[in-house]
Amino acid sequence: MWLCPLALTLILMAASGAACEVKDVCVGSPGIPGTPGSHGLPGRDGRDGVKGDPGPPGPMGPPGETPCPPGNNGLPGAPGVPGERGEKGEAGERGPPGLPAHLDEELQATLHDFRHQILQTRGALSLQGSIMTVGEKVFSSNGQSITFDAIQEACARAGGRIAVPRNPEENEAIASFVKKYNTYAYVGLTEGPSPGDFRYSDGTPVNYTNWYRGEPAGRGKEQCVEMYTDGQWNDRNCLYSRLTICEF
């Protein structure tokens with residue numbers, strides 16, 4: 001009687017076309033597709049994309065209603081080209097004639113007194129050894145020793161120039177100051193473009209010299225001239241301090 005249930009089971013399995021595995025897992029045939037579902041809810045916003053290239057400039061806007069204040073003044077420009085020289089002007093009117101000197105007795109008296117005072121002063125200074133007169137020249141010294149350029153400036157401020165001998169008499173007069181103060185002195189000569197070519201301050205060649213034997217020997221490195229106590233000359237660097245002697 002137990003065969004009946006078993007036979008019934010086999011008949012049912014054959015009728016349904018189903019195949020049962022040994023592990024009790026059944027695989028059916030695909031069913032009929034269902035109807036499409038309704039639309040789902042909107043998704044979340046995605047992340048920001050990469051920055052794009054700048055767009056072209058927009059059109060110019062209309063001018064503003066409020067005008068801007070004027071800017072600051074610019075820098076001065078370069079000077080212009082000089083203009084042509086103007087024509088020479090006409091000569092001015094001739095002034096009134098001056099008073100003849102011989103008619104001005106007061107002026108003549110003043111000049112006479114002035115000359116007398118100058119002669120008295122010159123005589124007093126000569127006795128003190130502060131000045132010496134040779135011909136039309138007057139030599140003077142203050143006893144100070146400074147550089148060549150400083151001597152030139154000091155003499156110019158006094159209305160003279162640095163002393164320079166142009167003959168033996170003037171050389172001896174300058175040497176007397178050198179002996180008195182027992183120190184060397186510059187004379188108004190400087191070396192020209194060529195070594196050993198010494199000239200006066202106006203650039204003219206010397207017409208009188210009293211060089212010590214073998215001098216000048218600086219070969220362009222000693223451009224000034226100093227005087228020894230015996231009156232002889234030597235070329236020397238201009239930066240040394242030497243006795244100030246001026247001529248007027």
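From the backbone N, Cα and C atoms, a Cβ is placed for every residue, glycine too.
Swiss-Prot annotations:
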type	residues	note
SIGNAL	1-20	signal peptide
DOMAIN	28-100	domain 'Collagen-like'
MOD_RES	P30	4-hydroxyproline
MOD_RES	P33	4-hydroxyproline
REGION	33-101	region 'Disordered'
MOD_RES	P36	4-hydroxyproline
MOD_RES	P42	4-hydroxyproline
MOD_RES	P54	4-hydroxyproline
COMPBIAS	54-70	compositional bias 'Pro residues'
MOD_RES	P57	4-hydroxyproline
MOD_RES	P63	4-hydroxyproline
MOD_RES	P67	4-hydroxyproline
MOD_RES	P70	4-hydroxyproline
COMPBIAS	71-82	compositional bias 'Low complexity'
DOMAIN	132-248	domain 'C-type lectin'
CARBOHYD	N207	N-linked glycosylation site
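Overlay of Swiss-Prot feature records on the structure.
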residue: P30; record: 4-hydroxyproline; contacts (Cβ under 8 Å, 6+ apart): none
residue: P33; record: 4-hydroxyproline; contacts (Cβ under 8 Å, 6+ apart): none
residue: P36; record: 4-hydroxyproline; contacts (Cβ under 8 Å, 6+ apart): none
residue: P42; record: 4-hydroxyproline; contacts (Cβ under 8 Å, 6+ apart): none
residue: P54; record: 4-hydroxyproline; contacts (Cβ under 8 Å, 6+ apart): none
residue: P57; record: 4-hydroxyproline; contacts (Cβ under 8 Å, 6+ apart): none
residue: P63; record: 4-hydroxyproline; contacts (Cβ under 8 Å, 6+ apart): none
residue: P70; record: 4-hydroxyproline; contacts (Cβ under 8 Å, 6+ apart): none
residue: N207; record: N-linked glycosylation site; contacts (Cβ under 8 Å, 6+ apart): R166
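For the compositional bias 'Low complexity' (71-82), no residue of the chain approaches it from at least six positions outside its boundaries, judged by C-beta separation under 8 angstroms. With DSSP states grouped into helix (H, G, I), strand (E, B) and coil, the compositional bias 'Low complexity' (71-82) comes out at 0 helix, 0 strand, 12 coil. Secondary structure counts, DSSP: the domain 'Collagen-like' (28-100) has 0 helix, 0 strand, 73 coil. Secondary structure at N207 (N-linked glycosylation site), as computed by DSSP, is coil. Break the domain 'C-type lectin' (132-248) down by DSSP state and the numbers are 24 helix, 41 strand, 52 coil.
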